[in-house]
Amino acid sequence: MAAPTLGRLVLTHLLVALFGMGSWAAVNGIWVELPVVVKDLPEGWSLPSYLSVVVALGNLGLLVVTLWRQLAPGKGEQVPIQVVQVLSVVGTALLAPLWHHVAPVAGQLHSVAFLTLALVLAMACCTSNVTFLPFLSHLPPPFLRSFFLGQGLSALLPCVLALVQGVGRLECPPAPTNGTSGPPLDFPERFPASTFFWALTALLVTSAAAFRGLLLLLPSLPSVTTGGSGPELQLGSPGAEEEEKEEEEALPLQEPPSQAAGTIPGPDPEAHQLFSAHGAFLLGLMAFTSAVTNGVLPSVQSFSCLPYGRLAYHLAVVLGSAANPLACFLAMGVLCRSLAGLVGLSLLGMLFGAYLMALAILSPCPPLVGTTAGVVLVVLSWVLCLCVFSYVKVAASSLLHGGGRPALLAAGVAIQVGSLLGAGAMFPPTSIYHVFQSRKDCVDPCGP
């Protein structure tokens with residue numbers, strides 16, 4: 001079979017990236033819109049704690065997927081993926097008109113509509129890791145990196161949209177008596193939360209359309225079979241086959257020779273290698289990086305950044321979200337296949353993470369507060385920390401690709417388990433024991 005054209009390959013990478021964009025865009029969008037919705041919802045700034053619990057409950061979606069695989073074995077991931085996408089689109093579309101509706105629960109008003117729809121979206125997003133990733137086992141490893149690039153966009157684009165909206169803008173006017181800062185003045189957003197959720201719905205519709213386009217291209221994609229017993233499609237030229245074989249030979253989870261030559265057979269007879277030392281280490285590494293980037297560090301981001309000002313906080317959020325796509329681009333060009341190298345990068349990421357955790361513990365008066373150097377250091381630390389850990393996660397998942405569908409399914413589970421453990425570990429110190437102290441706007445607690 002002739003090698004696919006450059007245009008078709010570029011289109012496929014684009015569709016895979018847009019497909020990955022829909023994985024966590026809904027929940028990420030809710031998080032970045034919290035500063036707007038808390039003004040009108042009865043929970044106020046306790047809403048993030050409620051939302052953390054709701055997102056954790058979203059892991060119940062994994063049980064639904066497990067039940068589906070038991071009742072419909074061999075049906076693949078297409079149906080669960082489409083269900084996830086429909087739930088995401090419908091959930092965000094309903095948020096637009098209903099997010100501000102409240103109802104009495106146990107004698108107190110609560111955001112019943114907002115939290116219920118957030119639970120639906122959390123279940124869809126949590127389920128995406130164990131449905132989207134196994135689907136990509138039908139494609140060569142470079143497309144997996146495009147998927148993680150899109151997953152990074154699922155965090156970046158809602159952040160950019162929130163910045164355009166003008167979330168969190170305030171001014172500290174001087175008090176007329178003693179010249180100190182008076183009460184903060186909040187600027188109104190450029191458009192309401194309903195418009196934000198409609199824009200988020202449009203992003204998810206685009207992602208769902210990209211998946212449909214991917215299915216239409218599937219018979220022409222390299223290394224993809226249209227059916228379990230159908231003919232296998234070759235990568236193309238002998239040179240491409242040799243290059244793919246060299247790449248697969250470097251993987252710690254080795255595939256059969258037929259896959260290394262550029263074909264994807266039905267079941268993977270070497271899936272047991274997932275339980276080798278290499279496979280277990282890579283899965284543990286993915287769980288650890290997910291715990292840090294999806295659970296531990298997000299819980300303390302406001303404590304580490306807000307003492308340096310709203311600008312530092314917004315720069316850390318947006319540029320930190322951009323670090324994920326940047327790491328994916330880097331992995332496309334330079335992929336670390338050495339376990340020792342991945343360990344070294346993880347230690348480097350832990351160094352940045354330890355600095356950020358120290359800033360959060362020392363809040364509201366961390367070192368270099370009120371200086372430009374402090375702002376630069378905290379923003380740079382967030383960007384480098386997330387970039388390093390994102391690269392490690394992409395590299396580990398690319399190496400796990402050699403184990404086929406079972407390995408990518410296990411990778412998705414590792415991501416979810418790590419994220420859940422990280423969030424669960426940080427909930428008591430942040431929401432129950434209040435170990436971290438926040439800094440109030442327009443108040444200087446560090447003065448003489």
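Any Cβ shown, glycine's included, is placed from N, Cα and C.
Long-range Cβ contacts of the transmembrane segment (14-34) within its own chain (Cβ-Cβ under 8 Å, at least 6 residues beyond either end) map to 47-48, 51, 55, 58, 85, 88, 91-92, 95, 118, 121-122, 124-125, 128-129, 132, 136, 139, 143, 146-151, 153-155, 157-159, 161-162, 167, 193, 196-197, 200, 203-204, 206-211, 213-214, 217, 317. Taken from Swiss-Prot, the feature transmembrane segment covers 14-34 (among others), and the record attributes it to sequence analysis.
Feature annotation from Swiss-Prot assigns transmembrane segment to 47-67 (among others); the stated evidence is sequence analysis.
Distant neighbours of the transmembrane segment (79-99): 22, 25-26, 29-30, 37, 65, 68, 72, 111, 113-114, 117, 120-121, 123-125, 127-128, 131-132, 135, 193-195, 197-198, 200-201, 204-205, 207-208, 211; these residues of the same chain sit at least 6 beyond its ends, with a Cβ under 8 Å from one of its Cβ atoms. Annotation comment: Swiss-Prot describes 79-99 (among others) as transmembrane segment.
Look at Swiss-Prot and you will find 124-144 (among others) tagged as transmembrane segment, backed by sequence analysis. Nonlocal intrachain contacts for the transmembrane segment (124-144), taken as residues 6+ away from its ends with a CB within less than 8 angstroms of a stretch CB, comprise 12-13, 16, 19-20, 22-24, 26-27, 55, 58-59, 61-62, 64-65, 76-78, 80-81, 84-85, 87-88, 91, 218, 221-225, 235, 244, 247, 262, 264, 332, 394, 397-398, 401, 404-405, 407-409, 411-413, 415-416.
Residues or ranges marked as transmembrane segment by Swiss-Prot on the basis of sequence analysis: 147-167 (among others). Among residues of the same chain six or more beyond the transmembrane segment (147-167), those with a C-beta under 8 A of the stretch's C-beta atoms are 16-25, 28-29, 31-33, 35-36, 132-133, 136, 187-191, 195-196, 199-200, 203, 207, 314, 317-318, 321-329, 331-332, 390, 393-394, 397.
The N-linked glycosylation site annotation in Swiss-Prot covers N178 and is backed by sequence analysis.
The transmembrane segment annotation in Swiss-Prot covers 191-211 (among others) and rests on sequence analysis. Residues of the same chain lying 6 or more positions beyond the ends of the transmembrane segment (191-211) and with a Cβ under 8 Å from any Cβ of it are 14-16, 18-22, 25-26, 29, 33, 36-37, 81-82, 85-86, 88-89, 92-93, 95-97, 99-100, 150, 157-158, 161-162, 165.
Residues or ranges marked as region 'Disordered' by Swiss-Prot: 225-267.
Marked as compositional bias 'Acidic residues' by Swiss-Prot: 240-250.
If you look up Swiss-Prot, you'll see 280-300 (among others) marked as transmembrane segment. Beyond the transmembrane segment (280-300), the same-chain residues lying 6 or more positions past its ends with a Cβ under 8 Å from any Cβ of the stretch are 52, 252-253, 274, 339, 342, 346, 349-350, 353, 356-357, 360, 385-386, 389-390, 392-393, 396-397, 399-400, 410-411, 414-427, 430, 436.
Here Swiss-Prot flags 315-335 (among others) as transmembrane segment, drawing on sequence analysis.
Within its own chain, the transmembrane segment (342-362) is flanked in space by residues 285, 288-289, 292, 296-297, 300-301, 303-304, 307, 336, 378, 381-382, 384-385, 388-389, 391-392, 395-396, 435-436, which lie at least six positions past its ends and keep a Cβ under 8 Å from the stretch. The annotation transmembrane segment is assigned in Swiss-Prot to 342-362 (among others).
The feature transmembrane segment is assigned by Swiss-Prot to 369-389 (among others).
Taken from Swiss-Prot, the feature transmembrane segment covers 407-427 (among others), and the record attributes it to sequence analysis.
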## Note on the structure
Checking 47-67, 315-335, 369-389 against the transmembrane segment (407-427) for Cβ pairs under 8 Å, the most are found for 47-67
### Summary
Long-range CB partners for the transmembrane segment (47-67) (under 8 A, at least six residues beyond its ends), listed in sequence order, are 27, 30-31, 34, 37-38, 41, 80, 111, 115, 118-119, 121-127, 130-131, 299, 413, 416, 420, 423-424, 427, 430-431
